[in-house]
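Remarks on the structure that follows.
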Amino acid sequence: MPDQQPLKVGILGATGTVGQRFITLLSTHPWFTIHALGASSRSAGKPYSVAVNWKQTTPLPSLIKDIVVQECVPQAFAECAVVFSGLDADVAGDIESAFRAAELAVFSNAKNYRRDPHVPLIVPLVNPDHLSILPQQQALHSPPLTKGFIVTNANCSTTAHVIPLAALEKAFGPLDALMVTTLQAISGAGYPGVPSLDIIDNVVPYISGEEEKIEWETRKILGGISTSDTLQEFDMHADTPLKISAACNRVPVTVGHMINVSLQFARRPPPSPQQVCEALRAYQPDAQLVGCPSAPLQTITVHDEPDRPQPRMDRAFQEGAGVSVGRVRQCPVFDIKFVVLADNVSIGAATSSIINAEYAVLKGVVQ
Ligand SMILES: NC(=O)C1=CN([C@@H]2O[C@H](COP(=O)(O)OP(=O)(O)OC[C@H]3O[C@@H](n4cnc5c(N)ncnc54)[C@H](OP(=O)(O)O)[C@@H]3O)[C@@H](O)[C@H]2O)C=CC1
Ligand SMILES: N[C@@H](CC(=O)OP(=O)(O)O)C(=O)O
C-alpha cells in the first residue's frame, strides 16, 4: 500500500461525535484521503465548518472546512474505496444497506448489523480474521455483490474489555466466566447526549441495551468461525461456553470508558497475577504485525501504580488507539481481577473502523 496513491474515503455521520474523530484521524492518514462527507438533511448542502458543532480538542483541519456535506446517498460516495459510518443507529440500517447494495465497502460503528450472521463484528486488535466471512456475505446478497459489504466494529465497552481478554485466551486458553462493571463516559451517548442535570454530581446505573450488547458481542468476537455444510457460521465461543454478566453505569467523565473485570479461566490451576501481567504486556495482535499504520505500538499498557489507569491521565496515550490495564490481582471469587480503560471514541469507535479498513486493504479485501 505505501507506494500507491491514497484511497478516497467517505464518512457518513461526519458531523457527530464519532464522525468528528474520523475527520481528525483521517485528515493526516498515510493511505486514505477524505473525499466525501455525509450527514442528515439538516447539515446537507452546507460547508462542513458551518454544519458541524466542532467539539474536538484539536482544530478543525483546514482542508476539510469547505467540503460541502452531502445527503447520505450512495451516488455522492461512488468514488470512495471505503465508506466509514458514524451514523445514528436510528438511520444506519437502511443507509448502510443501500451503500452495500451500491457496491460500496462500509465500515460501521452502528449496532444495526452486529448480530447479522454474515456480517463480521471486528475489534481489529482481536479478530480481523473474521473478514473471511465477507465472500459469503456478498454471495448471499440479492443480487450477489463483488465489491460491496458491511463490516461492523463493536460497542465501545465491549471493545475495551475484549482486547485484554483476547490476550489472556491466547496465552492461557479459554475463559469460562466473566463479571464486568462499566464506568462509561458521557461522550458514549453522542452529542448533546446525557443532560447535565442528570450526570453532574451523579452516577446513572443504567444504559439502555448496553449490558445485553456486552454479553452477546463478546462471544461473537472471541469465538471462531465454523463451517457446516457449505456455510460459515460464527461459533459464539461454543467450545467453552462463556458465562458473562455485565453491569453498566454512566459516570461524569467526558471521554474514556473504564471497566472492572473479574474472570475465571477454564484451565486449572489458573495463571498468577504476574503471569497475567506478562501476557498482557507481550500481546501483539495481527493488525500490528502486518503493519496497519493506525495500530498502537503497545496494544495493552499495564500500570504497576495502584491508582492507574485513570480516564483523564491515560485516555490520550497513543492517540487513544491502545488500552490501559491496572490493578491486576487475585480475585477471591473467580481467578483474576483488573481494571481496563479505553478511549470510547477512538479505539472504541473511529480508530477501530480505520484499522479494520487498513487490514482489509492489506489483505486485498478492499478493491
Ligand atoms: N460515541 C461513542 O463513543 C460511540 C458511538 N458509537 C455508535 O456510532 C454511531 C454514531 O455515534 P455518535 O457520533 O456518538 O452520534 P451523534 O449523535 O454524535 O452523531 C450522529 C450522526 O448521525 C447523523 N444523522 C442523524 N440523523 C441522520 C439522518 N436521518 N440521515 C443521515 N445522517 C443522520 C448526524 O448528522 P446531523 O449532525 O446532520 O444531525 C450525525 O452526523 C452511533 O450508531 C453510535 O451508537 C459506537 C461506539 C462508541
Ligand atoms: N452505548 C455506548 C455507545 C454506543 O453508541 O454504543 P453502540 O454503538 O453499541 O450502540 C455508550 O453509551 O457509551
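Here the Cβ of each residue, glycine as well, is placed from N, Cα and C on the backbone.
What TrEMBL records for Cys156 is active site, acyl-thioester intermediate. Annotation comment: TrEMBL describes His257 as active site, proton acceptor. Summarising the annotation, TrEMBL assigns domain 'Semialdehyde dehydrogenase NAD-binding' to 8-134.
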Of the residues in the domain 'Semialdehyde dehydrogenase NAD-binding' (8-134), how many are helix, strand and coil by DSSP? 42 helix, 26 strand, 59 coil
Helix, strand or coil: which one is His257 (active site, proton acceptor) in, per DSSP? strand
CB neighbours of the residue listed as 'active site, proton acceptor' within 10 A? 30
